[in-house]
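*Asks:* As listed in Swiss-Prot for this protein:
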type	residues	note
SITE	ARG19	site 'Transition state stabilizer'
SITE	LYS26	site 'Transition state stabilizer'
SITE	ARG155	site 'Positions MEP for the nucleophilic attack'
SITE	LYS211	site 'Positions MEP for the nucleophilic attack'
Amino acid sequence: MSTAPLYTVVVPAAGIGQRMQADRPKQYLTIAGKTILEHTLENLYAHPQIEQIIVAINPLDQYFDSLPIASKTWVKRVDGGGERADSVLAGLNSLQNADWVLVHDAARPCLAQDDLSKLLATAEHSEHGAILACRVRDTMKRGNSSHDILHTESRDNLWHALTPQFFPLDALRSALGQAMAQGIEITDEASAIEWVQGKVHLVEGRSSNIKVTQPEDLHLAEFYLQHKATL
């Protein structure tokens, strides 16, 4: 009987979360007695195929080292950069002897374990990367700079990109490096792979896998965390 492969997750956590309008970076805000970052890391490590998490932290960060989770043997800290892509690349460059790697947002604490399992299973039958995503359900409008509607976009084949995103390590590291060297804006790892004409598969996941961005998201994330066994 073969053993399931083990993987490392890179978590970029060097951002300051200005939209949250809080007194600290959003990953250090508390939900249900723990910081968002602690929920995120513990949730990832709870999966039996995750063996290590590399957290990219702002070098001037004053919060991470005081968290109990910072001393866990399965957590490795690296210095992050000014942009998400810089932090992800720092995490990737610290990796050795890995074929595949996951990248997950620090502010997504509500990832479902079976969604993560579905994503990891793609490595068993594909040489390409994949991301968790959920289908667009609302009517989508294209607007102009004056906030006037130009037209309605078709929802067919439109998806919300989520994380984790899962790629061969060398392919992702190369794509990020090339895109950054050309000054391309990288909003997620898939966009770097797309830029080098790589193939990325969509794995449907739950819409409850939200990214905490606005103040009202804190209450929604707390609800999902408290009810994750039934969602």
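Glycine too: its Cβ is placed from the backbone N, Cα and C atoms.
For each feature listed, report its degree of burial, its nearest neighbours and the pertinent distances within the displayed model.
*Replies:* For the recorded site, LYS26 (site 'Transition state stabilizer'), the DSSP three-state label reads helix. Residue environment of LYS26 (site 'Transition state stabilizer') contains 26 other Cβ atoms, counted within 10 Å of its Cβ in all protein chains.
The DSSP secondary structure for ARG155 (site 'Positions MEP for the nucleophilic attack') is coil.
Taking a C-beta cut-off of under 8 angstroms and a sequence separation of 6 or more, LYS211 (site 'Positions MEP for the nucleophilic attack') has the following same-chain neighbours: ASP105, ALA107, ARG108, THR163, ASP217.
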*Asks:* Over all shown protein chains, what is the count of other CB atoms within 10 A of the CB belonging to ARG155 (site 'Positions MEP for the nucleophilic attack')?
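*Replies:* Step by step: centre on the Cβ of ARG155 (site 'Positions MEP for the nucleophilic attack'), count other Cβ atoms within 10 Å, giving 13.
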